[in-house]
């Protein structure tokens, strides 16, 4: 792991979205680990977004990076999606796909896999179009700020999804707990938080760049979520057993929590 935790500015300077997508999301058979990790996360997301009550008007994706995989199950249940990320080049890369520009990343194999989970592999082109229509805004955010989207204020959402974000943005447990409180303000009371969190991971690496990861255990994530004013509805740890030189990941946590109606606004 890097000697000093790689915070926001390091991402802005060094994170290459194209290389990241190629390394982790190309679903090529040559990298067992790459597609195993992605497929595991897609299955967890499919399960979580199938829960009762996970539907509504507005979904906010906190720390979307340059990826769309985390929205493929979600887009069936919400009318409008707002994607947030700190890093300018990630938002630009995402917008390239949303606008169907030449040279955008090819998500087809990933979309097909999710359609297969939903029972109709042939619906993949339709799903892509649905998602492109539903993402209405792509905005800058900083989860370490009390208003993560400042100076913009968003209407409170019915659901927040955050995948593999906070553990990369928060250098210690106190910062992680505070970031959860910050993002909870984006949510209506009674709204849902859907998280995919890396467990036991201290770094990830691609294209000769190494990025820090806050090493978390399941109970620490659950306790932080409760302290931020949520009740946990589902919390499931999937061990990660692939030997993978790109990260020291031990498992992935899928968690769904509901913001307590009495939570302070």
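Glycine is treated like the rest: Cβ placed from N, Cα and C.
Features of the protein shown, as given by TrEMBL:
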type: BINDING; residues: 20, 25, 69, 85, 90, 142, 143; note: S-adenosyl-L-methionine binding site
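Positions of TrEMBL features highlighted on the structure.
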residue: 20; record: S-adenosyl-L-methionine binding site; Cβ contacts under 8 Å, 6 or more apart: 65, 66, 206, 207
residue: 69; record: S-adenosyl-L-methionine binding site; Cβ contacts under 8 Å, 6 or more apart: 25, 38, 41, 42, 45, 107, 110, 114
residue: 85; record: S-adenosyl-L-methionine binding site; Cβ contacts under 8 Å, 6 or more apart: 63, 64, 65, 66, 91, 94, 138, 140, 141
residue: 90; record: S-adenosyl-L-methionine binding site; Cβ contacts under 8 Å, 6 or more apart: 15, 17, 64, 65, 66
residue: 142; record: S-adenosyl-L-methionine binding site; Cβ contacts under 8 Å, 6 or more apart: 8, 86, 148, 150
residue: 143; record: S-adenosyl-L-methionine binding site; Cβ contacts under 8 Å, 6 or more apart: 62, 63, 86, 165, 166, 169, 170, 179, 182, 183
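Residue pairs drawn from 20, 25, 69, 85, 90, 142, 143, the listed S-adenosyl-L-methionine binders, are separated by up to 24 Å at the Cα level.
Around residue 25 (S-adenosyl-L-methionine binding site), taking its Cβ as the centre, 21 other Cβ atoms fall within 10 Å, counting all chains.
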